[in-house]
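TrEMBL has this to say about the protein:
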SIGNAL    1-19  signal peptide
DOMAIN    220-581  domain 'Peptidase S53'
ACT_SITE  GLU295  active site, charge relay system
ACT_SITE  ASP299  active site, charge relay system
ACT_SITE  SER496  active site, charge relay system
BINDING   ASP538, ILE539, GLY560, ASP562  Ca(2+) binding site
Amino acid sequence: MVAPTRLLALSVFTSLVSATPLSKSSPKSNSKFSRDLLVHEARDVLPLGFSLAGPAAPHTTLNLRVALTQSNPDAIVDALYQVSDPSSDKYGQHLSKSEVQQLVAPSEDSVNAVNAWLQKHGLSATPLSPSGDWLEVELNVSKANELLAADFSKFTHLDTGTEAIRTLSYSIPAGLKGHIDLIHPTTSFPENVQSLGTLQKRTIHTPILSRKSSSKCANGTTPACLQQVYNIPTTPAKHASNKLAVTGRFGNNAHYKWLQEFLQQYRPDMNSSTNFTVTLLDGGNNDQDAPSVSEGELDIQYTVGLATNVPIDYVMVGVKWKDDGLNGFLDEVNYILSLDQPPQTLSTSYGYPESSMSFALTDKLCKAYAQLGARGVSVIFAAGDSGAGCAGGNSTAFSPFFPSNCPYVTSVGGTTGSSPEIAWEGSSGGFSNYYSAPSYQSSAVSGYLAKLGLSPAAASTKGRFNATGRGFPDISAKADDFRVWEGSIASIWGTSASAPTFASIVALINDRLAQAGKAPMGFLNPWLYSKGKSGFTDITSGNNSVECNGKTGGFEAVEGWDPVTGLGTPDFNKLLALVGL
Ligand SMILES: *[C@@H]1O[C@H](CO)[C@@H](O)[C@H](O)[C@H]1NC(C)=O
Ligand SMILES: *[C@@H]1O[C@H](CO)[C@@H](O)[C@H](O)[C@H]1NC(C)=O
Ligand SMILES: *[C@@H]1O[C@H](CO)[C@@H](O)[C@H](O)[C@H]1NC(C)=O
Ligand SMILES: *[C@@H]1O[C@H](CO)[C@@H](O)[C@H](O)[C@H]1NC(C)=O
Ligand SMILES: *[C@@H]1O[C@H](CO)[C@@H](O)[C@H](O)[C@H]1NC(C)=O
Ligand SMILES: *[C@@H]1O[C@H](CO)[C@@H](O)[C@H](O)[C@H]1NC(C)=O
Ligand SMILES: *[C@@H]1O[C@H](CO)[C@@H](O)[C@H](O)[C@H]1NC(C)=O
């Protein structure tokens, strides 16, 4: 049900091919190798919104990433479930870095075959991931075209002006089939990564009149409000080795001074000098004079300000042209996998539509999150802010959001209001077209589908989603009117706020587990859908309706799991009791 990506004008593509034939740059060697080259990945049409800008200059350097086939691609998923399913006798026995590496490493044959092929062409590769399942090869466009019988060209994303060098097809030697999963960036186009916290951003200029209410949420969502509605303790964490990493991107700098002033105002009980560390990847920067873009301030203020005294690391991934072509997600996960002691919790408030990357590429990233989970990391993603989403073009199909719908991460949807909270209309949610419903959620999903069948909303969703897919989000938390300090008060809406809120709760529970000498929660989902379910308050009204090409519809929050608010919103005290503390 992925909406077919449509070419803006088919003739553009045709003229591109004839203007820069494959063999032009090096006809001799190309014909020599094309005999045993087999097309590995190809696309017929450009993704929506892209147009051809012209041939790529032959000398332009490309950093191609080669994903080697893992000896046993299912092994990591099996290992993940063994340590994350509360009914397994290995529950909580997380794997070490070297144990995970052994599970995901490509075979020696694959490594040798690929290296020999590159050497024959005067090229060499550098490993990018700790297990060596990703290699990087630096070469120029003319060499890449020859090596891969490709046609690297410049493409422009019309809305943003972003330029990318891609090819619509590439080939590898027949003998390397079974050794190479994919080469990137080639046929998957970059999607503008969305930060999920700027929706409905407003700066509050006028002081808010005191509302007569005993609720701590009377003046918007603040740490005190969240502590009240989710029973989050103010007690400081004790374990310095229990860490929470927060993903940062693209100049969404978090400012020390704003955090300090935020804590003074909203956490007067805390030491306002409580700080965070910064890790820079891919040319990311920590410019404290950069303007506030809210996302970074939100993510830091609502982790430092909620996960009291848990060490917070802000992982800033830059946007150099050398970027991983996967919006920084690949480099970030490979960095965390390279750590001997990874943070126990990772919160990310960025994502992109699932359909924008191929399944092969998507799956490499999703299985890298499975590696983190097997090592005991709770990988938490904001669900997305697009409601049910629109597939684009003339389609009326919904559009699921990635990485939040990867089966090996925990997806956090959004709610609004209080007593009771209802679904926030922007909360992304629905069903993956790439992944079927994993067994941990199959009864939750079938329960929902049975209810949907009886409801009036069914008509508005009919034929617009893949009912066999992995349903997301898994749980939800408030997404409304978060008060963020950036020199003045901003009001931020979005699942960007929900993810750090839930991640802070997980980090605080992990601190208690560490104090009790127990393993961290790790990959949460098998536990959430079984033992942990009663630690959540079911959200039973609201919807994430969208209008796609004139057709309105979406999913509704109902009793039990639903693809808008998941299992509901967390209650710290109940969750703590459910982990046995
Ligand atoms: C591309 O790189 C190859 C070496 O891999 C070199 O021989 C060739 O001159 C380069 N071509 C251009 C146009 O820079
Ligand atoms: C809301 O703001 C008003 C005015 O600043 C203040 O008097 C009141 O105590 C605040 N209420 C809460 C719950 O923070
Ligand atoms: C607050 O934290 C800072 C930095 O860690 C420390 O130097 C200071 O002593 C602390 N203040 C109090 C009152 O604990
Ligand atoms: C937080 O850490 C940074 C970097 O070390 C430092 O410049 C800043 O002054 C610290 N903030 C506070 C409030 O101590
Ligand atoms: C959408 O439909 C219209 C009318 O059928 C057609 O002319 C147009 O090419 C379609 N657009 C896309 C992107 O497929
Ligand atoms: C629906 O999802 C399944 C996985 O659950 C997938 O195999 C299938 O291709 C999807 N169908 C469409 C039309 O995307
Ligand atoms: C969906 O929610 C919106 C906003 O909360 C509401 O106006 C609308 O009536 C709801 N739609 C349905 C079909 O319930």
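Cβ coordinates are placed from backbone N, Cα and C, and glycine is handled just like the others.
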- What count of other C-beta atoms do you get within 10 angstroms of the C-beta of ASP538 (Ca(2+) binding site), across all chains shown? 18
- Note on the structure: Those same-chain residues, other than ASP538, ILE539, GLY560, ASP562, found with Cβ within 8 Å of the centroid of the Ca(2+)-site Cβ atoms are THR540, ALA557, VAL558, GLU559, TRP561, THR565, GLY566, LEU567, GLY568
- Message: When DSSP is mapped onto helix/strand/coil, what comes out for GLY560 (Ca(2+) binding site)?
- Response: coil
- Out of GLU295, ASP299, SER496, point to the one nearest GLY560 (Ca(2+) binding site) in space (Cα versus Cα); all of them are active-site residues in the record. SER496
- Message: For the domain 'Peptidase S53' (220-581), what's the mean pLDDT in this predicted model?
- Response: 95
- If you measure between the CA atoms of SER496 (active site, charge relay system) and GLU295 (active site, charge relay system) and round to the nearest Å, you get 8
- Message: Can you give me the Cα-Cα distance between ASP299 (active site, charge relay system) and ILE539 (Ca(2+) binding site) in Å, rounded to a whole number?
- Response: 24
- Message: Please give me the CB contact count at 10 A for GLU295 (active site, charge relay system), counting all chains in the structure.
- Response: 29
- Query: What three-state class does DSSP give ILE539 (Ca(2+) binding site)?
  - Reply: coil
- Note on the structure: As a whole number of Å, the Cα atom of ILE539 (Ca(2+) binding site) is distant from the Cα atom of GLU295 (active site, charge relay system) by 26
- Item | Cβ-Cβ neighbours of GLY560 (Ca(2+) binding site) (radius 10 Å) | 16
- Item | Listed in sequence order, residues with CB under 8 A of ASP562 (Ca(2+) binding site) and six or more positions away | ALA423, GLY429, TYR448, ILE539, PHE555, GLU556
